[in-house]
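To start, the structure itself, in structure tokens.
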């Protein structure tokens, strides 16, 4: 079947396949990336043959890019040897070959998505049963503790995967609930990074580069290997943009952290002033589409935000969840102030508030959930729903947090099944584009023809293993690529800037040649 696909798909183009079309020859950038991976593999083999195993100086584990928290490994990180970066790049090269074969070559068939309620809800039920089965005791019982945020990201990511592969976007109630999940990811970004800057006050370049590298490494590689624009992987540009906004908001004068605010209550007013300024900034751009488009259409910024020659998709994605970040930052501020004032009870088995207040808040949260579901079911079209989404998604996120955290027994438990997937949620979201779904998410990859159930089992297993391996590779390369020494870091940033400018110029020249040819 693989051989027949490679030969016949270009000619037959069956109507039930989404991949059967002639593909362009590899671009110059794709060839350059192949040379980089091949060169890394050769260097690794030479170093391995020569016995170069002297370790690098061990560095701290990189932070969690979505929660903003430092990871606390169970065991001490083993030092990396000199051949480790080349080994990681060699592995990445092999993985990219698989990506290319799945979604850029005529090797594997792709099938169309056909939505039915059973294809979405039955896997959803199985998933939650598994998640509940693997429940364990949390190491701590604080609100939104580390295990809980990993669990939250994990089950949301699995729901989004099922949503994508089943084509459930055509069913508006499901579409609107998934929109809330995407907003919740951004909420966590605002919550996590605000908490980090507020508590630690670390505004150094090392921290910023570390987060940006881990967010963007996989996507940049895929843009080059799969010949896709950066905006195609919309979630990463969105999170990257909002991280920069959060950093700019917190790092600009005056830099306010919790230790300084404890000395004078006026600093609390100062941080609220910063959040108000950010809110006004967001509202200004939300109602100035022309200015927004003019700013993001300037080269080379446009290369980061254009899709098919237009920034309409970026405008849509930005506007849809424009308040989620500030909701997360404000929630983090209120929570940390209450925690410092001992206004919450976070001991094991105890509710967050008094019994009466806890019951009232739980009732309001449940009613909010039910009201939202009824409203989403009565929506006539996506455009109408999307107009209200930015204003009401924050209420659903807050309702979920209260339901999950007010009961003491609920905070004491978490699902290790969901938490495991939560730790690689970013890689899962990006990898699905080409090696689980295919045809740039329009179809479903077929590794085992004629047996849909076996096909989905095999392709899912490979997909999850690849996502996990890429997460490990990214962590390893982040330790090597981002040095803690300020001078070395600035030199590498200069090299990265020149390299990026070169890529942009090559890409622009290639577009000009294609345009002239047409």
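Glycine is no exception: its Cβ is also placed from the backbone N, Cα and C atoms.
Note that TrEMBL annotation is computational and uncurated.
It should be emphasised that the depicted structure is a prediction, and the values quoted were computed from it without experimental measurement.
Among the residue ranges 301-319, 320-338, the one that TrEMBL annotates as transmembrane segment is 320-338. Within its own chain, the transmembrane segment (265-287) is flanked in space by residues 198, 245, 249-250, 252, 254, 256, 319, 322-323, 326, 329-330, 333, 337, which lie at least six positions past its ends and keep a Cβ under 8 Å from the stretch.
Mean pLDDT for the domain 'Cas1p 10 TM acyl transferase' (13-493) in this predicted model: 88.
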